[in-house]
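Okay, structure first, notes after.
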């Protein structure tokens, strides 16, 4: 039976159905906004206490039913109800209602005709865990031989939920489900299904059951809690909510990193290793604690193998200018791949010009995968160093790093692994990989800019002369001779970037608390969903379709320049990179000069991907002007 819904008096600043983001708003976002407006209006808990009603034919409340003062700012910015909602949004709201009585009260005070379940009224099959509890992350899905790589084809999703609901367990880690959903939350979802007449655009038939494309797999974190950890995600760009899809360029920073930097400057700021006062001790302790955090993150054998640098670019240059200059000569060979960022090409070109060594390049196939057969043909006794990326910044391809390293070592070559694009997506174990050097930048893994890491095997670092000279890296200086400190100090000349090293330590600790296995599983599903959405757009060509890839969705759209697409998306609040991504050789391998590159992180959502796809479709059909 169709219910008759009365009209609602006009409320200032409510979005209309013509708003491009109208269909992208989840119920969770709606209720969060309502709660914020209640708090801004100064409504007490008593005023907003729920009054459960059982009305056979619920109707929309009039403005007089709103438990807030009637002023233009009291309920401003409340988004209009969406015209469709997916299983994920409904499950998130149901879980939030059960876990947050304040949120339930806010919903009930605004929409009194909705009867919300409470945790006390629902039979409990298992306790509802906290919304953010990384320690309960289930066992990871099957993993490819490469460390931390989860292949697309190894994450099956059954067509129906299990009889016990959607609770994830270590013994059943491939089921459909939403994080920690159990029977209690399932009952709440059913209650929400039966009360949707307060949203006139919604019908129970328009809401899918708890199966489908948005299964969360073995994910063990609450995406909305994660997003609340990143203040910048609340920003608006051109009047739209910020959608940050430029994560391959840089990642956003969680509040814990911002707070750690602030604490350092307020309570610990000093130079390190060279004073007897209290602040110097605090600063030194914080700096060296960050080094230990990096060691733990990479599973290095010792903190003496961890060198702080400005970033990946400086780390590669350090190896090329120090170890390379000491060990390469005319006739020797350096091997890189077509996938490399310019920062892993130019230093080796310069070294080749200086020493007479030859630069060899491993080709890739039409999917963007390294040709291992061709790589083996390039290796010989002349090969002195192989330097390659673990994840392509332009295509997202995950290279078979362990195999590449093992083959190089058979010929006595050293190996540098560029982890700039891998550390935020995959668990890295430098001892298991057996790489000689591993490099990455802090800002790519939710840390500050201007700080990075060079990991090197201790025997290599000890045998390498420093690239730069100055204070902090010497043991003794006379006019006749200088004795250098052992590694890592010998490579950290001058006053280092102390505060940002401390901030990097906080970022890595944050990532490890969530768990890179959980992050990889969630991002895998984002990538699958995004690939499916973009593949359906007429004229769109995805660039880089390797079966093992990280969260990059480079594409071109027939008839439109990448730069124009990037500008149009920016007007919709969507940040992507449009250009050559400092990787011109690999784009030219595909006959291109530039692409549009959406790149994902674990704070992105399925709804954001749908917003992106909808905007691209509007560009393609001409309804979104360039």
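Cβ atoms here come from the backbone N, Cα and C positions, even for glycine.
Copied over from Swiss-Prot, here are the features:
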{"type": "ACT_SITE", "residues": "582", "note": "active site, cysteine persulfide intermediate"}
{"type": "MOD_RES", "residues": "444", "note": "N6-(pyridoxal phosphate)lysine"}
{"type": "REGION", "residues": "1-21", "note": "region 'Disordered'"}
{"type": "REGION", "residues": "1-225", "note": "region 'Cargo-loading domain'"}
{"type": "REGION", "residues": "41-64", "note": "region 'Disordered'"}
{"type": "REGION", "residues": "226-626", "note": "region 'Cysteine desulfurase domain'"}
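In this structure, the CA atom of residue 444 (N6-(pyridoxal phosphate)lysine) is 15 Å away from the CA atom of the residue listed as 'active site, cysteine persulfide intermediate'. Secondary structure at residue 444 (N6-(pyridoxal phosphate)lysine), taken from DSSP and collapsed to helix, strand or coil, is helix. Averaged over the region 'Cysteine desulfurase domain' (226-626), the predicted model has a pLDDT of 97.
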